[in-house]
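**Q** Would you mind keeping the following structure in view while I ask a few things?
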Amino acid sequence: GSGGGVAMADGDGLMSVDYEVHGKVQGVFFRKYTQGEAKKLGLVGWVQNTSHGTVQGQIQGPAARVRELQEWLRKIGSPQSRISRADFSNEKKIEALEHKEFQILK
């Protein structure tokens, strides 16, 4: 590699992103399915219900896998859920994972 710039090889390295999913996402096992999907993809982070009817959390892991879960959160979700939109924020590259596993927070 040549010196200077940072290589933006997407899918390489670890990334972290926060998310909030809007729609009918509470009371439909959304958190349980999100945890299952994250574990399947080998991601860590957390998911929780908010007081205003959305589901929010953070995802960390290999960039390509994080992207897969973002797509899942945007389009699929749990079988009974109705996702109106998913917002993603604070996307950044990280050197190391800040979580041990993917947890459902109360």
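Using the three backbone atoms N, Cα and C, a Cβ is placed for every residue, glycine included.
Pulled from TrEMBL, these are the listed features:
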type	residues	note
ACT_SITE	R31	active site
ACT_SITE	N49	active site
DOMAIN	16-106	domain 'Acylphosphatase-like'
**Q** If you average pLDDT over the domain 'Acylphosphatase-like' (16-106), what do you get?
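**A** Across the domain 'Acylphosphatase-like' (16-106), the average pLDDT comes out at 97.
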**Q** How many other Cβ atoms sit within 10 Å of the Cβ of R31 (active site)?
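**A** I count 21 other Cβ atoms within 10 Å of it.
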**Q** Test of understanding: give the count of other CB atoms lying within 10 angstroms of the CB of N49 (active site).
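**A** Result for N49 (active site): 18 other Cβ atoms within 10 Å.
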**Q** At the level of the C-alpha atoms, what whole-angstrom distance separates R31 (active site) and N49 (active site)?
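**A** The Cα atom of R31 (active site) is 8 Å away from the Cα atom of N49 (active site).
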